[in-house]
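Comments concern the structure below.
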Amino acid sequence: MTVKTFRGSPALSEFRLTQLQQKCQQYQLPITSVYAEYLHFVEQKTSLVEDEIVKLQALLHYGSMFSELKPAGYCLIVTPRVGTISSWSSKATDIAHNCGLSKVNRIERGIAYYFNIERDLTEAELATLKDLLHDRMLETVLNHETEAALLFTQQEPKALTTIDILNGGRQALEQANIALGLALADDEMDYLVESFTALKRNPQDVELYMFAQANSEHCRHKIFNADWIIDGKKQDKSLFKMIKNTFEQTPDFVLSAYKDNAAVMEGSKVGRWFPDPDGQYRVHQEDVHILMKVETHNHPTAISPFPGAATGSGGEIRDEGATGRGAKPKAGLTGFSVSNLVIPNFEQPWENPLSKPNRIASALDIMIDAPLGSAAFNNEFGRPALLGYFRTYEEKVNSFAGKEVRGYHKPIMLAGGIGNIRGEQVQKGEIPIGAKLIVLGGAAMNIGLGGGAASSMDSGKSKEDLDFASVQRENPEMERRCQEVIDRCWQLGEENPILFIHDVGAGGLSNAMPELVHDGKRGGKFDLRSILCDEKGMSPLEIWCNESQERYVLAVAPENLELFTALCERERAPFAVIGEATQAEHLILHDSHFDNNPIDLPMNVLLGKTPKMTREVLSKTVENQSLKIESIQLKEAFHRVLRLPVVAEKTFLITIGDRSVTGMVARDQMVGPWQIPVSDVAVTTASLDSYHGEAMAIGERSPVALLDFSASARLAVAEAITNIAGTLIGEMKRIKLSANWMSAAGHTGEDAGLYEAVKAVGEELCPALGLTIPVGKDSMSMKTTWIDNGEQKSVTAPLSLVISAFARVEDVRKTLTPQLRTDKGFSSLLLIDLGEGHNRLGATALAQVYKQLGDKPADVVKVQRLKDFYNAMQTLVAEDKLLAYHDRSDGGLITTLAEMAFAGHCGVEVDISALGDNDLAVLFNEELGAVIQVADSQLESVREVLKAHNLLGIIHQLGTVTADDRFEISRGSHKLFSEKRSELRSIWAELTYQMQRLRDNPECAEQEFEAKKNPDDKGLSAFLTYDVNEDITAPFINKGVKPTIAILREQGVNSHYEMAAAFDRAGFNAIDVHMSDLMIGRRNLAEFNAMVACGGFSYGDVLGAGGGWAKSILFNPKLHEQFSQFFINPNTLTLGVCNGCQMISNLAEIIPGTENWPHFVRNKSERFEARVSLVKINEVDSVWFAGMAGSHMPIAVSHGEGQVKFKSVEQFAGLKAQGIIAAQYIDNNGSPTELYPANPNGSSEGITAITNLDGRVAIMMPHPERVFRAVSNSWHPENWTEDGAWMRLFRNARMVF
């Protein structure tokens, strides 16, 4: 075989090159300029002929939007790691084969960097430069393209090694423990020596590694299951038993707890929407139960933030999908706690420039890269990210261990979410003897080794290379393919071939497969070489124990293997049968290459009664001084608090994440016409035809634990309740909690504090409230230690409990937001003060911004009053008594009021005379409570409800809402604070601006920041030239044969369900059509009246967004002919949305009337943009937009490559002259715009929808299918009832037939 190199397009934009050059300058590298472009390396089985080369060059021409320069200068080429096959390569090679390029064995891609240098680089400088350019776990740096042949060399498999404990005894095991990073405790080593001595043989390295992962703190939760002795007194219960006590006291509505990958609670009976085996989408009336899971991925995120956070979200998604016999993930949440950001040129008064170890990322780097990783995975998988929190803390304080630095050098990366599951598939099935044991998903690579053990160590106790090796890498498009297989399986109901399923996470197959057979009360016999591998030189340990992502393990009965195989092949999801279940509970792993058994162990040695931990600890108390606030000025204090990340605007964390996919999002973070990120709760609909739904909210007050462990835990639970109380749930028992506990186990005072906190929640507060904690996670190594110039240093996180609350929702339309209303007549603002006037300032945002801690923190004052508050809110929500609601939390009352004013784009006038004597204490305390806006006409009836729930004594009328730009606080006649709301809004937005400036295109960051300063911004609006509530297809319903539409998808597409639902509502028969169906002839486009290409990430956007999908059609003669015939047929309609829009734009050469169509390239911001944008519909001759011309309407936008790119100025002029620009982005004044973020991608003149000349073919980047229901719009006018404005587009299509 030979390797041929093809140049590609420029890889980096001008500002990205500038950023790279600035990094080089930071390290004083003698580099004056940088240029980068893609190189493609093609391994040929035999030489390609001329027309094949032309086809391949066309395939490899994609994404060109940057200035192309002539390569010159010192060159380094970054490629995938030698010996591996990248996920990009797998997808690009698949596309090439689908295009008929059978002589291509494999395509790989690299980036060539060209540097102009002032002098030769030293070895140290070269090493530094290489570190800046590549990820050493995944990539290699080559010096010349001639070295590319190394990428295609196959290495010989490495052999296993044996640890000689029969002769070397425990000492041999101790050496292996250090060398392999096993994190085995002393008693575990004794257990292993004893066990293998009894077996009369030495252990293999893979057996020890498997044992270490399966029995790590990360996997076995030894501290939570330990016996406890505190201050010499034996405790009655373990931590886990106290958590389980909540379920024992309140098991109501819980269907599965503590035994599966996620917990399940009772949901609603609704019309579930999915395709039947014949391919037609239909409604299925059934119970749709709710599953919930929240994970953390702290250690990997500290080491390598983007992949660490990405695989954190990916692993949690797999947990949901692998619940029961298969389930469907639905909506996600994320959270981050880090040390101080110290943003260059935006340093804050409370931030100390403390050091950190080199092996971990800085807080700033984590918050630039980790949220992108988490968002990217959710986006590509197709799960909306609707909820989150972000806290920074790093301060030298007097706490339980004396004066020390407390903070989050080891960060918290929280990943969680909800999903849905069928009632009959909640419980896992039986595994029969002989069942096929299957790995579904991507191939193994030598990455993510030892993640479970590494996560169980305090940061600093393992070697740096082991730290880095323990970080996994992500491939979300592969996980989407796997999920499609799981969906096809559970959708078969009783015919579901999946009997048992687990996800592959910490420990890889070494943990997942033993867990699968052990839970099924079986053993297993496995074939090592049946495992799919993308790295042939791996040892048995590396194959069995690596944590390559996007994999699941399943048990399938032999008679159902053919069905399962067919489902996988249709979705192009790789899988391998690697073993069979055995009656004997014994694990055998055979290696046919070396003809030996790397594993031959009884299950009870691996997962049996390993030594139980006993924690003998002492409790500690702390005495602190009260806050020194005498010299603090209110204005300065509030400005500081508004800049503190836990309070500041977090748009930079939100608009990077898709919040509309599924079409079932009823409440995301962004609130009201001005899309302000202040929602307390996330809400989804249970189906695409119902108002039942699900809600999620977060509670977290970790700094309080530096003063009072149990108060911090109680506040986390209570805050989750005050956040979720603004939607219609019903009785509190309906709410279920996930508890994620983070602690520095072994640190002075922390163990006893952890026990105290768990007891406060598990034994006291939750049982008193009727709350259950059926799921959770612990991370017990939240301490970072290192040596700095010979000095031992450490940063220890506070005990951190993050509570995530989940609930069934009775009616998603009854969800309050913090948006103050000025269009509802006279109204009043009321404070419900659950703190009952205590006004404690310990561990508040105010304390933090003045580098203090204080003495007394907030706490739950009366448990019954919290319950009364919740019940009162449920009554008020059900009866539509309130206009707005926002809980009091970080930043205190003044922040609550400001955020409500920001959301309402209005002013407030309040008087705090009745709340206490100390202004700062009144305004900045973080006691529990909420502010409600009540129309004066409802004031008396609201008071009656509050009185009925014993709350009247803690209600305070604060003041009123005004339509101007003033934010005013008074004490009687004395004005304490008066400032323009718009100026406060600007201060609040500074953090987002600063982060976007560093991370994204700085020009876009500037434009958005300026837009936020505008006090006259009108916000989103809707002006329709038709009646939104009119169904123009009503005369056709149930008359004649329905037209059929192909809901076309390729691997990685994720928006097909909601697209099918929209067309079904319009009167079509919607048919699920995968490209694989067309390729092998299961389906033909000639069967359909219409076709829609759906949104998502086909082929993971390899070869350009939509490019690979399109080229697999253009270069496949059979598909080329089929699509061409469909497009020229005057009786057909075609729609392309988002990824489908990008794809169809690349088919322009076979679509009549499209000679002036543009291509779509990367957004100007160079960031995935998820926004609600305003568009204007133009007068075009197209059935799709009939009757809509002149309308201004909001629509969901979610894409990374939506900017139009024309071949020439003449082509752009030609498009305009043809009058086929159907829609343009407009600003809030109704004018087409190129300014960000009103125009989210920078398209010329705001172009976002185009038709062909006869109007039968339409392409558009925004998502009408995600907002065809009014309830799924983030904001909409109140006169919209069931249908959203975009339902008209789908009904227009039906009118043709």
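Positions of Cβ are set from backbone N, Cα and C atoms, glycine also.
Pulled from Swiss-Prot:
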type: ACT_SITE; residues: Cys1138; note: active site, nucleophile
type: ACT_SITE; residues: His1263; note: active site
type: ACT_SITE; residues: Glu1265; note: active site
type: BINDING; residues: Gly308, Ala309, Ala310, Thr311, Gly312, Ser313, Gly314, Gly315, Glu316, Ile317, Arg318, Asp319, Ser889; note: ATP binding site
type: BINDING; residues: Asp680, Glu719, Asn723, Asp887; note: Mg(2+) binding site
type: DOMAIN; residues: 1045-1297; note: domain 'Glutamine amidotransferase type-1'
type: REGION; residues: 301-329; note: region 'Disordered'
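With respect to Glu719 (Mg(2+) binding site), the closest of these recorded positions in Cα terms is Ser889, chosen from Ala310, Ser889, His1263, Glu1265. With a cut-off of 8 Å between Cβ atoms, the residues of this chain six or more beyond the region 'Disordered' (301-329) that come close are 135, 137, 256, 260-262, 264, 291, 293-295, 359-361, 365-366, 368-374, 376-378, 381, 383, 409-411, 413, 415-422, 425-429, 448, 459, 467-468, 470-474, 476, 479, 482-483, 486-487, 489-490, 496, 498-505, 549-550, 552, 784. Residues near Cys1138 (active site, nucleophile) in space but far in sequence (CB under 8 A, at least 6 apart, same chain), listed by position: Ser1055, Cys1094, Gly1095, Gly1096, Ser1198, His1199, Gly1202, Met1260, Met1261, Pro1262, His1263.
In sequence order, Phe377, Phe381, Glu474, Pro476, Glu479, Gln549, Glu550 make up the list of same-chain residues 6 or more apart from Gly314 (ATP binding site) whose Cβ falls under 8 Å from its Cβ. If you measure from the Cα atom of Arg318 (ATP binding site) to that of Asp887 (Mg(2+) binding site), you get 33 Å. Listed in chain order, the residues near the Mg(2+) site other than Asp680, Glu719, Asn723, Asp887 are Val681, Ala697, Gly699, Ala720, Ile721, Thr722, Ile724, Ala725, His886, Ser889, Ala930, each with its Cβ within 8 Å of the site Cβ centroid.
Each residue contributes its Cα atom, and for Glu316 (ATP binding site) and Asp680 (Mg(2+) binding site) those atoms are 22 Å apart.
Ser889 (ATP binding site) sits 11 Å from Asp680 (Mg(2+) binding site), taking the CA atoms of both as reference points. Non-local contacts of Asp680 (Mg(2+) binding site) by the CB criterion (under 8 A, 6+ apart in sequence, same chain) comprise Ala697, Thr722, Asn723, Ile724, Gly726, Thr817, Pro818, Tyr885, His886, Asp887. Counting every protein chain shown, 26 other Cβ atoms lie within 10 Å of the Cβ of His1263 (active site).
Listed in sequence order, Gly373, Ser374, Ala376, Phe377, Glu474, Pro476 are the same-chain residues six or more apart from Ala310 (ATP binding site) with CB atoms under 8 A from its CB. Here the C-alpha separation of Gly312 (ATP binding site) and Glu1265 (active site) works out to 29 Å. Here the Cα atom of Gly308 (ATP binding site) is found 32 Å from that of Glu1265 (active site).
With the fewest other C-beta atoms within 10 Å around its C-beta, Glu719 stands out among the recorded positions Glu719, Glu1265.
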